[in-house]
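> This is the structure I want to talk about, given as structure tokens.
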Amino acid sequence: MAETHSLQDLRQQPAVAAKVFLQRDYTHGTMCQFQTKFPSELETRIDKQQFEETVRTLNNLYTEAEKLGSQSLIEGCLACLTAYTVFLCMETHYEKVLKKIAKFIQEQNDKIYAPRGLLLTDPIERGLRVYEAGSQTFQLVTTKSRVPETLYLD
Amino acid sequence: MKNCEYQQIDPQREEPRRPRRKWEVFPGKNRFYCDGRIIVARQGGVLPLTLGLILVTCGLFFVFDCPFLVKHLTSCIPFIGGGLFVFVVITLLQTSFTDPGILPRATPDEAAEIEKQIDTTGNSSYRPPPRTKEVVINQQVVKLKYCFTCKMFRPPRTSHCSLCDNCVERFDHHCPWVGNCVGKRNYRFFYTFIVSLSFLTAFIFGCVTTHLSLRAQGGKGLVFALQESPVELVICFFSVWSILGLSGFHTYLVASNLTTNEDIKGSWSGKGGEDVTNPYSHKNIFINCCAVLCGPMPPSLIDRRGFLPSDESVQTASVDIELPTQATKSEINVVGGSSQLAFGLQESPSPIPAPLNSHQTRSSA
């Protein structure tokens, strides 16, 4: 049973995964914006300019989602006239931009962050409270293509 | 072939688990219907009473007043009444059944991070340090309070509702008449509800009064006419003033981009001689109204119908990996992805952890 004992030990070891949280920036009100301050924990992992560029693009996307433009006004007025029942059938402007944001984060993870052993979590999964960058090496080996064949040899 | 030593697996775990949705494990005091599509506060409040009053009053109106008024005045009366009635009921149900802007509670990692930040800045005395954080919003200093239930610093304008046990964004108030909190996401439904309700009650009140006056002129006297429709008159008379007053109050709040909570607390009224202004106001009544009522509709942050991550299945999968027989090979293939999680927790460059290798060689001997 020595092997199972060591496997149990592995499970009891604390996860090495480290997480860095980027908090919201409220200087311009309750609009969803994240602080662009570069966390010191990531200094050795990623270029500062790159990270700040990612956060800036993200902030711009959220500004676009929450913008009080003509599209959102027309949407709002139409919704009001129909007793807001259009929200049941139609995808709102905000939801469309959220999909864009999810795609953007996926791209950034694939191109820039995953090769460096980092993973960005979409802020919507954390209630738009924080922007999480995690060092989660195990994420790199969970894909089926990376499962080594020797695992299953008899 | 040498027999492997097998560890007993709990037979209950072998049953395929039905994937659970997040609403089933929601920590707040809410109730969910239609598989998470509808959310209400645990205490229904007097929503049935509200609905009942509206239905009874409108029912009496259509039955007793409409026929008379259609004959003596105009046939538009029931259509206007019907339209207003439908509008009122729809907005009421939307106010009651929509997520008001509940903030999901902080994950354990987030909470630990915040605790760490508070502890490093505080002292090591027995008394816990005050849990407030100051931010500057549009040149105005705003204090953010730490929520002990949700384990996070509340964003600006967020308040914790003790009845629902949730932090709600742009918290206005908890309305027992609709049986839900009124917050960022359903304030526009609430406002439309009370405005349309004031139109409806004023309209019915006007119709009933017209009906009574026409009947009184008919010769039988006012007292006889009153006996025919006392209920509607009473309900309308008392509700029209309160609803009109409430609508007026909320119109003022919308125009100045305030919440009931802030107005009651006097957050921006300049008490104490300080020069405080509302940092969220756009300084223009029209823009404030547009922002509050016609602004973009924010999404629900609690993802009620999302599925729970399969953390539980990870633990069972790591037990399964100890039985690498040929018969269970396909099973391991299926859970291969998640089972790696148990071994990848160490920073080894090779994906095959050493203990598993030795286990394999032992079983293949």
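Just so you know, glycine gets a Cβ as well, placed from its N, Cα and C.
Where the annotation comes from TrEMBL, it is an automatic prediction and has not been curated.
Residues or ranges marked as compositional bias 'Polar residues' by TrEMBL: B:1-10. Marked as domain 'Palmitoyltransferase DHHC' by TrEMBL: B:143-265. Feature annotation from TrEMBL assigns region 'Disordered' to B:1-20, B:346-365. Here TrEMBL flags B:46-64, B:70-93, B:189-212, B:232-255 as transmembrane segment.
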> Any residues 6+ beyond the ends of the transmembrane segment (B:70-93) with a Cβ under 8 Å from its own?
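For the transmembrane segment (B:70-93), the far contacts come to 50-51, 54, 58, 61-62, 178, 189-190, 192-193, 196-197, 199-200, 203-204, 207, 210, 214.
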> Quick test of the contact rule: Cβ under 8 Å, at least six residues beyond the ends. What residues does that give for the transmembrane segment (B:232-255)?
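Sequence-distant neighbours of the transmembrane segment (B:232-255): 53, 56-57, 60-61, 64-65, 190-191, 194-195, 197-198, 201-202, 204-205, 208, 212, 226, 263, 285, 288-289, 292-293.
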> So what's the average pLDDT for the domain 'Palmitoyltransferase DHHC' (B:143-265)?
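The predicted confidence over the domain 'Palmitoyltransferase DHHC' (B:143-265), as a mean pLDDT, is 87.
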> I'd like the per-state residue tally for the domain 'Palmitoyltransferase DHHC' (B:143-265) from DSSP, helix first, then strand, then coil.
73 helix, 19 strand, 31 coil
